[in-house]
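**Student:** OK, TrEMBL features for this one:
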DOMAIN    51-168  domain 'Water stress and hypersensitive response'
DOMAIN    177-293  domain 'Water stress and hypersensitive response'
REGION    1-23  region 'Disordered'
Amino acid sequence: MASSDKPEVVDRGVDEEKDEGKGGFMDKVKDFIHDIGEKIEETIGFGKPTADVTGIHLPSINLEKAEIVVDILIKNPNPVPIPLIDINYLIESDGRKLVSGLIPDAGTIHAHGEESVKIPVTLIYDDIKSTYNDIKPGSIVPYRVKVDLIVDVPVIGRLTLPLEKTGEIPIPYKPDIDVEKIHFQRFSFEETVAVLHLKLENKNDFDLGLNKLDYEIWLAEVSIGGAELQKSEKLQKNGISYIDIPITFRPKDFGSALWDMIRGRGTGYSMKGNIHVDTPFGAMKLPINKEGGTTRLKKDDDNDDDEVSYNLSYSMS
């Protein structure tokens, strides 16, 4: 029979004292183990890693797409490396998804170290405009970047570190360009020095800082070349700007087409190239393209000096 089944045992107070003594001892053991655990945790330093979005860059942007790079800094306080299992990212605008993706096996964060992680994202404008009709070329679109970093920390286990960042991104619109007038400073069949009076219309909701213009102009299917921009120009948002470009060419290369223009008969005109601009979102290279149609030269009677100035009229055919 077990001792607990013996009713004649009357020294129960002694047993209770033993139990209390035993309980006190166990509590002390538990407290000791807990203290040791805390000391070990403090010594080893296991803890949750931290992360932050340190920047968002637009290394490349044009009429077709925008390349976005999200920079994230992750800090690992633990004495062992931790794997960065997955990176989930989402870019949305007004609650609507623009692009999302997953980067698996994104690397390892060194022990007691920090790592910069770059998340490259590409926004294709045609995809956005075909999905959301209210997003128009030339507009500025607000966006929110959401990133979930999934890490596996020893002792603690798998963790998700959520991050967010907001900003704005443009949907660029190429400027319209016209040659309004050619001002001849020196005219000869061998070499003619002239100034092109260009009209540029910026249809974007942001200013463009024009700092380079590379282009080529054809009259009567003959290239009269291009010229460098002499000074930078500011193209106001949703505005029209005028700039002057010096140019030198050989009229004799035109043959009878030059006389057709002077006599008002007209000839073909086209202009192709690119403008290089600075914007609040970074540098952009935007194409300019004007082709087809007819040009006619007409003497400017308001010009009082000895130089000759001709208006260049343009009409689409």
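Note: Cβ is positioned from N, Cα and C throughout, glycine not excepted.
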**Student:** What are the DSSP helix/strand/coil residue counts across the domain 'Water stress and hypersensitive response' (177-293)?
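**Tutor:** Counts, helix then strand then coil: 11 helix, 72 strand, 34 coil.
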**Student:** Looking only at the domain 'Water stress and hypersensitive response' (177-293), report the model's average pLDDT.
**Tutor:** 79
**Student:** Mind checking how the domain 'Water stress and hypersensitive response' (51-168) divides into helix, strand and coil residues in DSSP?
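**Tutor:** For that range the per-state counts are 7 helix, 87 strand, 24 coil.
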